[in-house]
Every structure is written in structure tokens, then in C-alpha cells.
Amino acid sequence: MKALRKTFKPLRRMGWALFLALAYFVATWLLLPGFPGDEDKVIQLRNNITTGAGDFLGALLSLSGLWTIRKQLRRGRGRLPWASVTLAAACASLGIADSLWGWMEWHDLDPFPSVADFFSLGLIPLVLISVLLLPAHRLPSSQRIRILLDGLVGLTALFTFSWRFLISPTLLDESKIGLASKAVGIAYPIGDLLLASCLMILMIRAGKTLKGAGLTYICLGIASLLVVDSFFLYMTLQGTYQSGTVLDLLWPLCCLCLGLGGRGLALHMASNRLHPPDSLQDESALSTPGRTAIPYLLVPFSGIFFFTSLLEHQDQTIEMIGMCISGALLVGLILLRQFIALQDNWQLVRKTQEDAHSLKSLNAELRATQAELVHSAKMASLGTLSAGVAHELNQPIAIVRGISQQLQDEPDLSTFVLEDLQQIEKQTGRMMRIITHLRTFCRTEGHDTSTSSLSTLIDNCMILIGAQLKARGVAVTITAPPEPMEVYANANEIEQILLNLVTNARDALENTPNPELRLTISCTQDFVVLQCADNGPGIAPDALLHLFEPFFTTKEVGKGMGLGLSISENLAKKNGGSLTAHSEEGAVFVLTIPRAHPTSTEVSLPLAA
């Protein structure tokens, strides 16, 4: 009931117009039968006046929308809905045609062809103009082409029907009718094809707005007009048309629907609620597969008409030529539509693959960022733990170191005891340096860039991992120029890179006889270059392509996460350098770090996430 009340809401607001129309209908049906004259003439006149009244009522309904929004238009708060104006003109044009036909039939004039046909055919371009005046979504070019082809397919299928039953019989009519009569007779089915194209354009392009803004009434009016016009033309050609049937009532019904549609358009377009023209919409928001398939539902009927023409009318050359042309055109349009759809599908597949690859890269970057955050949190926790360990262990180690130094001053010590005390002093000093360096290495106070000696950074790294290399029999060779190689970077981050490179070399040399690790320092004008090479198995060519990607590792499961080299590369770039790799006798990693110049000063940068 709610939907029904909403449907008839415009009619309730047009009470005065409905009252006048009803009074006109009553007067027509009650008074005209009493007129003197032929009964058939009276019936025809009554039908023409009735249909004309319905046509003019449709025009009034369409114009009533303009009357409703007149104040809004005067204040400049909306746009003039020209589509409603043209729909009103279309209804009025058909009303004039019905009035002229009634007048000519009453005076025994030949009603075909006449000026009334001009006004009747004028309905078609006016409806077409009103549809084209509707503000439409901006569409991508591929979508516009598909809509055009869909419309042409439906139009060609309808042309097959019109040619088979309307146009061809008119051209083949051997009666003594003039060329003008044949031209007007052909103009009606061609006009119906244009109306059908309007209907398909509306149903395909309207999208979700089809249910509102009066578009439903317009579609219903055009569809009714197509049905009644097709039946009228066919019955006229067959000589079976009779005035006063239910068919005559469909004409005013068409105009009433067009009038309601024009009123709805006026109310919606004035408030800019219909088809925002500045928004680029995609195909899914405009049409559904059901509406897109509407033109193709007519194709099987075209095939049936084509084959029946081949079987029944082989001797009629004009009809066969038209059917063959329309059939070939229909097949060509369908093949072209499928080709364009195939191209669009391939583009969609490529775009999907690109999006998937981009999403994969973004996910990898996200995982790397998360891993770096976890690593930073672990390093921060380790720094806190190191501070506590240093606080708890430094004092007892210092006591042991001090006692060993005091005992060395005793005069009556054997050489064996003295050497043990010296070894205790040496090892406790080493323990204190390791703890102090570990606390410094794990510090997360900020990204401080300063001038440091690369040789010193390498020595600090060897303090942490040198014992492991010695235990595995790895021979470490460090080659450096005689002058100190000063770098301008964050010392802790460079030490972290060095520790990752040396740790990877240690793991790669696990099963290598006579393992060697060579660290070679050189320099250019702006950079200090460190080459870390081993004599291990090297790096496979396919692994080189993904070596610095997050979570890529060539180690066995459980022995590495594949984050060390990715983090090291990011740290090198963060400090203005680079980290690359290639394979010779073994794996070779090249680290470049900005060289410190005499004008370099310490800079403190915010801590990166």
C-alpha cells in the first residue's frame, strides 16, 4: 500500500487537472452519442476526443512539475528541466494529431496521409530529445562503446521485425497508393525503432536511478507506445483495424505515463538529485547484467523471422535483401561486441595481476616494516637489559679485577700464579669492554650521525663475534690503507650492518674447508668502501634477484628469518650509502658509506620507526 500511495502521490496533487479531465471525459462519452450523424462517425469522434483529452492531460501533468518548482526556479536554486518541457510538447503534439484526425473523419476527409501524421510523428523526435536532455553520468570510453553496441544490437533486431511485418509489406503493396503514403507508412515503424532505442538507452544507462525520478513512468509510456503503435500499423496493413477497441485506450495511457514521468523529472532535476553530471561512474553502478542483456533477448526472434522469410518469401527480393542486410549487420555487431568485451576482460585481467603484484609488494613492505619495528623493540629491550646487566656485573667484575691487580703486587708469587693473575685481569677487562660495547650497540636514543673510524667499528664488531669465528677456524684478514678511513654515519647502525655481514659469512663457511673471511677497505672521493668476501659456496644467480627482499633466506628452516640483509640495506640507505652483492669465488658484499670530510659536524636526527 505504501508503494501504491507513493505512485499516485503526483495524482493527488493534481486534483484540479484530474477533475477537468474527468469532466471532459464524461461530457464526451455522454453527449457525443446524441449527436446527429452516422453512428460509426460518432464512435470515431468520441475515440479521437477521448485520446486527445488523455494526451493533453499528460502534457498538463508534465507541466505541473514546472508549476510546483516555480518559486525554486525564480530564486535560482535549480535548473529548468527541459526534458519535462519536451515531454509535455510530445504529449501535446499527439493530442493535436488526435484532434485533427477526429475533425477530418467527421468531415469525411481522407485522414492518411495528412497534417495529423506530421504531429503524430512529431511525438517521436520530441521523446528522443527529452531522453537525450537527461543529465547522464560521465562514462569511460569503453563503457560508452559497449552501450552504443548494445543499443545497435537491439535496434537491428527490432528493425528485422519491422522490416518483416511493417516496412516490407508497405513497399510491396500493389494498391494504388502514392509514394507519400508509403513514405509515411514506413516512417511510423522507423520512428518506433527510435523510440525503442530511447527505451534501451534509458534501461541500460539509468542504473539505480531507474526506479525513481519518473524514469519508470517514461519507460512504461514508451513501451506502451511501441506496443500500441506496432499493433495499429500491423492491423492497418492487414485491413482489420476497427475504431472503438481497447487499443484506442492505450494512446492516452501512454501520454499519461509520459506526463507523470515529466513531472517526476522536473521535481528531481530541479534539486540536482538525478544523475550528478560531475561524477565519473563505473559500469557496475549504472547497469546490471539483466538490463544489459535486454537487447540480446530480441536476437533469437530476429533469427526466427529471418528463417521464416527464407522459407515463405523467397520470391520477394526486397524483403529478402532487407532481412539479409539486417542479419549480417546483427551478426557483425554481436561479434564486435564480443571482441570488445574480450579486450576489456584481458585489460581487467592485466590490471588484476598488476594490483595483485602491487598488493604483494605492499604486503612485503608492511611485513618488513613490522619486522623492523619488532627488531627495534627487541633492541630497545636488549639495551634496557644490557644496562641492568652492566650495572649488576660491572661492580663484581671490577672487584675481581682490582683484587687480581693487588695480588700481582705480592712479592712472593711464583711465575705460574702471576701469569694466572694477569690472565684474570685481562679477561675481566675484556668482559667489561664487551658489556660496555653491548650497551652502546643496543642504545636507541636517536639517529646520531658522527665521524667514526671504519677500522674501529670493525674491531668493535670483532669483539662481539671474533671468538665465534676463531672457534670455527675462520681465518679473518683485514686490509686497510695506512691512513684512517673516517666515515660520517651512525656508528651503531654501521656496526649492526657489519655484524650481519660477518654473521652471514660465518654461517656460509660452516662446511667449507679452510674457511676465509676477507675485509678490504678502500675509498673514493666521497665514499668509503668495505668489501666483505668469503670463500664459501657463493650466491646462486636466481637468489641474487631476491637477496635483499624481506623474509628471503637461503638458510635451512629455523636458522634464519631473511631479515638481516633487508634491514642492513635499509640502514645503509638511511646513512646515505648502499649495500650490494655479487658472487665470485664466494659471496662478496660491498658496503659504501659516506666519507667524513673535515667540515663534517655531528647531527642528531629523529629516531626512525
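Heads up, the Cβ atoms here are built off N, Cα and C, so glycines get one too.
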According to TrEMBL, which stretch among 147-166, 247-266, 527-546 corresponds to the feature transmembrane segment?
147-166
Are there residues at least 6 beyond the ends of the transmembrane segment (81-103) whose Cβ is under 8 Å from a Cβ of it, and what are they?
44-45, 47-49, 51-56, 58-60, 62-63, 65-66, 111, 114-120, 122-123, 126-127, 129-131, 133-134, 218, 251, 255, 258-259, 261-263, 265-266, 269-270
Return the average pLDDT for the domain 'Histidine kinase' (388-597) as a whole number.
81
